[in-house]
Amino acid sequence: MRQSLRLGHVAGIPVGAHWSTLVIAVLIGAVLAVSVLPQEAPGEEAVRYWLVAAAAAIVFLASLLAHELAHALVARRRGIAVRSITLWLLGGITEFAGEEARTPKDEFRVSVAGPLASLLASGVFFLVALPLRGPAVLVSAVWWLALMNAVLAVFNMLPGAPLDGGRVLHAFLWHRHRDRARADRSVAKAGQALGMTLIAIGGLELILLGWTGGLWLMLVGWFLAGAARSEGLVRIAHRGFQGWRVRDVMTASPEVAPGWQDVEEFVENVALRSRQSVFPVVDFSGRATGVLTMQALAAVPAEVRHGRRVASVSASLPADHVLTPDEDAEHIMRLGTFTGDLVAVVAEDGRVVGMVTTADLARSLQQAILRTGVPRHPHNGQRPLQG
Ligand SMILES: [Zn+2]
């Protein structure tokens with residue numbers, strides 16, 4: 001997730017916030033100031049409610065951060081590199097730099113750390129609130145923080161991907177059956193079921209009780225179900241790609257466009273009869289220097305094609321989109337397209353030997369799903385995750 005607001009580094013980890021964090025901060029502040037605090041501690045001036053509410057909202061965001069930091073710090077101790085922590089509309093996200101947990105035990109520890117931190121925070125606020133003899137509005141705010149952190153801990157432990165509880169369940173299933181892919185499918189299904197359940201509960205609250213909070217629950221459920229489904233697919237593809245090289249995915253020996261060639265000549269000899277819609281552009285030594293798309297060719301008026309060089313209508317080729325055939329195919333997954341439907345150019349010893357297009361990627365992903373989606377025990381009725 002993109003960090004629109006960089007908050008700095010904590011223990012060397014970049015911490016930031018997505019703009020949607022503002023929405024949740026304002027929402028929490030408003031609910032506290034106009035509803036929760038006036039109910040718990042009536043008779044105060046409005047400005048005091050708002051001041052305490054603003055402070056409580058900020059402390060609440062800090063406790064969300066503490067939850068994510070707990071994940072991040074435990075992950076780092078287990079040798080998993082942490083890229084960043086970002087707060088957003090529905091909480092926080094800790095992004096890892098690459099390899100996920102290597103063992104079920106590591107996954108369990110990293111996953112359970114966040115809810116434990118929230119539980120700890122809840123306990124601390126509880127201990128602070130208990131003997132607190134200040135203005136009632138302040139005491140109520142601390143009680144609210146204790147309660148919210150407890151809710152955070154419990155909610156995150158619900159057993160479905162992508163929640164922490166889903167990862168804990170994944171670690172347990174992985175440990176028990178020694179089959180990571182099977183655990184992936186199970187928690188993806190559990191996450192989807194959980195999301196649907198929350199949507200149903202939220203809908204019932206809204207319709208039967210008239211609680212607008214039901215809308216929020218429906219939103220969270222909808223997000224959960226979607227995230228569980230897409231995460232499941234990504235993990236399946238990820239596992240399916242294991243052991244694959246770039247050469248297994250690429251289109252080998254594609255037609256290339258010599259940069260020095262006349263555009264008219266290239267159109268007539270190659271472009272008009274080629275099955276490709278994008279061509280790696282090469283120099284005299286066969287080295288990739290750019291990319292030529294059909295669109296770029298079409299943009300050159302027919303009457304000026306003659307006399308223009310292919311290189312002059314080609315787009316540049318970013319260095320990170322040049323792969324070698326023996327690289328791990330997973331590297332492709334991290335790249336987006338950059339021009340036309342080209343994902344990467346594959347070169348060996350400086351010469352173009354292949355290219356990867358979105359069509360190559362789509363076909364390989366389907367193959368990956370076919371490879372991992374096959375049930376191990378067809379008789380037990382277990383079916384691969386349905387799209
Ligand atoms: Zn968490």
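Every residue gets a Cβ built from N, Cα and C, even glycine.
What TrEMBL says about a protein is an automatic prediction, not a curated fact.
The transmembrane segment annotation in TrEMBL covers 12-37, 49-68, 80-98, 110-130, 137-158, 206-225. Annotation source TrEMBL lists domain 'Peptidase M50' at 56-130, 138-197. Annotation comment: TrEMBL describes His67, His71, Asp164 as Zn(2+) binding site. What TrEMBL lists as active site is Glu68. Annotation source TrEMBL lists domain 'CBS' at 327-365.
Locations of recorded TrEMBL features on the structure.
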residue : record              : contacts (Cβ under 8 Å, 6+ apart)
His67   : Zn(2+) binding site : Gly91, Gly92, Gly114, Pro115, Ala117, Ser118, Ala121, Leu152, Asn156
Glu68   : active site         : Ile85, Leu87, Gly92, Ile93, Thr94, Gly114
His71   : Zn(2+) binding site : Thr94, Val110, Ser111, Ala113, Gly114, Asp164
Close approaches to the transmembrane segment (137-158) from elsewhere in its chain (Cβ under 8 angstroms; 6 or more beyond its ends): 32, 36-37, 40-41, 44, 48-49, 52-53, 55-56, 59-60, 63-64, 67, 91, 114-116, 118-119, 121-123, 125-126, 128-129, 164-166, 168, 194
Zn(2+) site shell beyond His67, His71, Asp164, criterion: Cβ within 8 Å of Cβ centroid: Glu68, Ala70, Gly92, Thr94, Ser111, Ala113, Gly114, Pro115, Ala117, Ser118, Asn156
Top partner of the transmembrane segment (110-130) among 49-68, 80-98, 206-225 - counted as Cβ pairs under 8 Å: 49-68
Cβ atoms near Asp164 (Zn(2+) binding site) (within 10 Å, other residues, all chains): 24
